[in-house]
Amino acid sequence: MKTKFIFITGGVLSSLGKGLAAASIGALLKARGMTATIQKLDPYINVDPGTMNPFQHGEVYVTDDGAETDLDLGHYERYLDVSLSQKNNMTSGRVYHNVITKERRGDYLGGTVQVIPHITDEIKNAVMNVPNGEDVALIEIGGTVGDIEGLPFLEAIRQLRSELGSENVLYIHLTLVPYLAAAGEVKTKPTQHSVKELRSIGIHPDIILCRSEVDLDEDIKRKIALFCDVDRDAVFTAVDVKSIYQLPLSFYNEGLDQKIAIMLKLPAKNCNLESWRKLNHTLENPTGETTIGIVGKYVDLKEAYKSLHEALIHGGVANEVKVNLRYVNSEEITPENVKEKLAGCDGVLVPGGFGNRGVEGKITAIQYARENKVPFFGICLGMQCAVIEYARNVMGLKGANSEEFNPEGDDNVIYLMKEWYDYRTKKTENRCEESDKGGTMRLGAYPCKVVEGTKAMAAYGKTEIQERHRHRYEFNKEKFADQLVEAGLVLSGLSPDEALVEIVEVADHPWFLGCQFHPEFKSNPMHAHPLFRDFIKASCENKNK
């Protein structure tokens, strides 16, 4: 069967949930026995989000091949249970970079390079490069209809319908239908104007997905269908839900997957959603609960820790407990108030990050967790801070620090990696202080050897694993490993050549583990990551002791 394309646009305002809608539709199609792939087109000019402020963009999601991508790719991977790559996220910056590179190379034979056809052709090439024999390709266009940056992308997908045939392309438009509590009614005018804007570009949506606080009644759906020139049965409610994992079931109950199958002439198959029903039953009927303190500096924007948040929820599902998340600003933690700040936390997690702001608060929180036998999980910078804390307070190296925060220090147990072996390219990578910031870290999936008899081994159940990385600083193994091991630190995960330390533990602690990689990027609701599963288990045991 020829690949069918579903393009998902958004109107009225941003952050409506296009990514979750696309992921949920993909999950429904897979539940019907289809194969599916998915892509995010981002109109911003950045080549990728790797150097963007988390407060502006949210989390940077890393794929196996080392691509720094939009956080929506995390939703895609979790819902579709697939591994994506660089080709699944394309930005305006990358599009223009590719076109300019071709122009400099002479590929356009001296022609005038223009938005149409050169930019739009590059976008179309990116879209057509996504499917690899899958039945369906879902393409989400970031931003909002009407944004000037998004116009080339909308023009490109308009052209694709003519080129691929209307029977192979479906347009879904997600829009807002606000509910006015004071009047007790919903308003359709924003949706009408959004569709009008989209149609003025030449795109006539086939399905309208209406985000709303309340279920839309038949009269409202009929009105939207009339004014937006779509079939009545092509208007669906995307009602707010308590858990994002209810969305596939909500869309199924609306009949969205059935309508898509009819419009694209997909094979009629039953939709097996048993795993999603079981997941939601566990979320709604926990046997207990636990509270995790997340100590970071981006706590005012939860999107900065999106995959982390979800991975902790997955760990709760695996243990059939509700996970309450308490975000604690590391800049506000001091030795005097740390007990108060972390009171009631059954486990403490310090996530990744960059820069020295709030680092001492993280180290203080780690010391509290270690000394009071509170389960601790450190990720990336969190592991580095754990090593610094252990070196200072157990090994007695009071000046222990990171080269990132104290470049001239003599006791930097964490240092800038200037050389490492890339197992994918079979080449040695080299970096220095003057290297560009963008795309120069140790990125993507790397192998790791897990040491037997450790908590890491108990979690994974195997000695060889692959995990995703995003860092440029590393444990200074050559200079400090022997001293730290003698002081009781366990190096429980190493790179295959044993040059890099990937996991550390404290042996005389119920559960104290730090990892240099980002395990949250390989967790999904049906299969919690082993480390998150065991961290939540240890936190529950701490609560119940």
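Positions of Cβ are set from backbone N, Cα and C atoms, glycine also.
For the region 'Amidoligase domain' (1-266), the model's average pLDDT works out to 94. Swiss-Prot lists 1-266 with the feature region 'Amidoligase domain', giving sequence analysis as the kind of evidence.
All chains included, 28 other C-beta atoms sit within 10 angstroms of the C-beta of THR191 (UTP binding site). If you look up Swiss-Prot, you'll see SER14, LYS187, THR188, LYS189, PRO190, THR191, GLN192, LYS223 marked as UTP binding site, on the strength of sequence analysis.
Per Swiss-Prot, the feature CTP binding site maps to SER14, ASP147, ILE148, GLU149, LYS187, THR188, LYS189, PRO190, THR191, GLN192, LYS223. Classification of GLN192 (UTP binding site) by DSSP places it within a helix.
Sequence-distant contacts (6 or more apart, same chain, Cβ under 8 Å) of GLY19 (ATP binding site) comprise LYS40, ASP70, LEU71, ASP72, HIS75, TYR76, GLU140. Annotation comment: Swiss-Prot describes SER15, LEU16, GLY17, LYS18, GLY19, LEU20, ASP72 as ATP binding site, evidence class sequence analysis.
Under the heading Mg(2+) binding site, Swiss-Prot lists ASP72, GLU140. The DSSP secondary structure for ASP72 (ATP binding site) is helix.
Residues or ranges marked as domain 'Glutamine amidotransferase type-1' in Swiss-Prot (evidence: sequence analysis): 291-545.
Long-range neighbours of MET383 (L-glutamine binding site) (same chain, six or more residues apart, CB within less than 8 Å of its CB): PHE475, ILE503, VAL504, GLY514, CYS515, GLN516. The L-glutamine binding site feature in Swiss-Prot is assigned to GLY353, LEU381, GLY382, MET383, GLN384, GLU404, ARG472.
In the three-state DSSP scheme, CYS380 (active site, nucleophile) falls into the coil class. Taking Cβ-Cβ distances under 8 Å and a sequence separation of 6 or more, the neighbours of CYS380 (active site, nucleophile) in its chain are PRO351, GLY352, GLY353, ARG470, HIS471, CYS515, GLN516, PHE517, HIS518. The active site, nucleophile feature in Swiss-Prot is assigned to CYS380.
Per Swiss-Prot, active site is recorded for HIS518 (among others), and the stated evidence type is sequence analysis. DSSP classifies HIS518 (active site) as coil under the three-state reduction.
Residues annotated as active site in Swiss-Prot: GLU520 (among others). Of all the Cβ atoms in the protein chains shown, 27 others lie within 10 Å of the Cβ of GLU520 (active site).
The CA atom of PRO190 (UTP binding site) is located 13 Å away from the CA atom of LEU16 (ATP binding site).
Counted over every protein chain shown, other Cβ atoms within 10 Å are most numerous around GLN384 among the binding-site residues GLN192, GLN384. Each of the binding-site residues ASP72, GLU140, GLU404 was scored by other CB atoms within 10 A of its CB, and the lowest score goes to GLU404. Between the C-alpha atoms of LYS189 (UTP binding site) and LEU381 (L-glutamine binding site), the distance comes to 47 Å.
When other Cβ atoms within 10 Å of the Cβ of HIS518 (active site) are tallied across all protein chains shown, the result is 23.
Those same-chain residues not listed among GLY353, LEU381, GLY382, MET383, GLN384, GLU404, ARG472 yet with C-beta within 8 angstroms of the centroid of the L-glutamine site C-beta atoms are GLY352, PHE354, CYS380, CYS385, SER402, ILE414, HIS471, TYR473.
The binding-site residues shown are LEU16, LEU20, LYS223; of these, the one with its CA atom nearest the CA of GLN384 (L-glutamine binding site) is LEU20.
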